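Chemist: The following block contains the structure, expressed as C-alpha cells.
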C-alpha cells in the first residue's frame, strides 16, 4: 500500500493541545510526505486549527492565496495515518466558523447522546518509537452499573429522595467545570446537575471561587425535557461545547469540563460487614453463625504500616499542602484521562520554557502570554485551591517540578484508594477479614517480614541508615521498624532482564524515599518511571528511578511532617552496570546520553560520598555480590572537581534494573 502522504508537502500552523509538533512532523515524514516549515507554491496542504484560521496567522493567509494548497484540520492528518492512506479532504476542510452550526477543528460533528469523537494525544514512548494514532476516545462519564449512585452537590435544598439523572445510554447528567485565569486572579468552579424524583426534575447550578461555597440556582419547570434543556444550555454557555462533545479540548476564556469517575454503591450487607470488620475482637455473627469477625492476622509492625500507608487523613493533608482541590475531584473521582491531560499540559509548558521561540511559532503570542495561557489550561484541567491568592504562574523549572510531583503523587494515591475500595470483605471461607488484612492483601506482596531488632541483619541496616547521614541535613532519624520485602515477580524480572550481565554488573544497595501516601502505589506496582507525556525537564537527569547512598538525601523526599513525622524509606538492589554515565551536574537529557554511550544508568557525582564500599553479604547471604557503603567511616569529600551536587545520585532508566529489598519505617524530626 502506498504511503499516506506520497507526493504531498505539508505545513503546520498554530498549536494543537496535547500534540507535539515534532510528533506531527514525524507522522508526515514517516508516511512518505515532506514537511515544510513555510507555505510555498509547492505546499499541497496546511494543517491548522479553527482558532488559527479564524484569527489568521501568516501561514493561513499565505495558504488562502494559493488555490492548490488545501487548508485542513489535524483530524485529516491523524485519520490518514490511521487508515494508512490519504482520506478525502472534503470533510476536513477548515472554513470560517458559521454561527448556526457546531464545527470543531474543521470537521462537522453530529449531535448525539454519546460523547464526541476526540482523538487522544499522540506521543512517542521512551525509546522514541512512533505510536500509531490512537483509536477514538471511548465514551466518558457513563454509568457502568445500575448500582452507581451519584452524590448530589453540597447544599442542594431539593427533595432528599432526588437523584442525579442518568439517561438510557448511561450518560450521567453531572458536570463539574473549572476555569483558571492567572492574569485576572480567577480560579472558579461551576457545577451543573439534573436532579429528579419519579415526578419532577430540576437543574441545579452552583458557582463561585474555588474553596468557597459560592452562589446557586435551581432551574426548570419540573419536566425532564426542560431540565435537560436547561442543563445542556448552561453547559454550552460555560464551556462553548455541546454536552455531546464534552470531552473536546477546552476553549479559550471558557470553563473546562472535569471528567469524573463514579464508584458503585456497596450493598447493605457489605456495609454491615465492613463496619463489623473494623470492630476489633467482636465475636458476633452477621446473619450467619458461620461468619465470625476475626482479629487481624498480620504481625503488629505490619498492622502499623498498613495504618500509615492507607491513612485518609494523610491523603487529605498531602493534597492540601500541594494546593490540589480535592473537593472538586476527590480520590476515586479523578480519571486517568484527566491525569494524562495534566501531564501533557506540563509537557507543553516545559517545551515552551526550554524554547521561548515557540511562543511565536506555535502560539502566535508573546512568551509571557503563552506561559499564562498554558498555565491557565493546566490549572483548569487539574483543579487547585489557592484561597484568595493569585494562582502562581508555572514559569520556572522549579514550579514545573512541583506540579509534576503533584501528578505523580495523585497517581499513587489513586492506586491506594483503589486498594482500599476493592479489597474483599471476606476470606475464602466466608469469614469477615480485618480491614488491615484486606489492605495488605491488596498490595500483592510476596514477602513482608518484620526484622528482629536484635538481629545482625537489623543492626547492619540500621547502621547504614544512621551512619550515612548527610552533613548538611538536619533531620534526626530513628528506626521504628525494618521489613524485608519481596514483590511478586520482581526477582524473576530482575534476574532475567537484559541488564543482568555478570561481566558488566554493578549492583548496589541504595536508598529511595517518597511520601507515605505514595507507598500503596509503590508496593503494589513497584517503582515506576514517569509516563511518556510527563515533561523530561521536570527531572534533573531525565526520567528514571532516582536513588542515593546518603540516607538523609532520600529522607528529604519523604515529607514526613505530612504524616506525623513518620517516613518510609526503601533500600533497593539496583543494577547500575559498568560503566555508568558520569555527570557532575544535572542534565535532563542524561537518559538519552547514557543510552547513546551504552550505559544503563547515570551517576550524578556529588561533593560528598561514602569513603568506601563493602559486600552487602554481611547483612544477609542473599545480598552477597551487592555493594553497600562501608559506614565504619562517615561520608567525606569525594574529590570530584566542579561537583554541582552535594551528594551522589544514581538514576536507573528501566524498572527491570530495580528490586525492592527492605522497607524502613523511620521517625524523622
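A Cβ is built for glycine as well, from the same backbone N, Cα and C atoms used for every other residue.
TrEMBL does not curate its annotations; it predicts them automatically.
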Chemist: Give the range, chosen from 48-100, 101-153, that TrEMBL lists as region 'Disordered'.
Modeler: 101-153
Chemist: Between the candidate ranges 268-291, 292-315, 316-339, 340-363, where does TrEMBL place the region 'Disordered' annotation?
Modeler: 268-291
Chemist: Across the domain 'BRCT' (1-94), what is the average pLDDT of the model, as a whole number?
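Modeler: Averaged over the domain 'BRCT' (1-94), per-residue pLDDT gives 84.
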Chemist: Just give the helix, strand and coil counts over the domain 'WGR' (161-256), going by DSSP.
Modeler: 19 helix, 42 strand, 35 coil
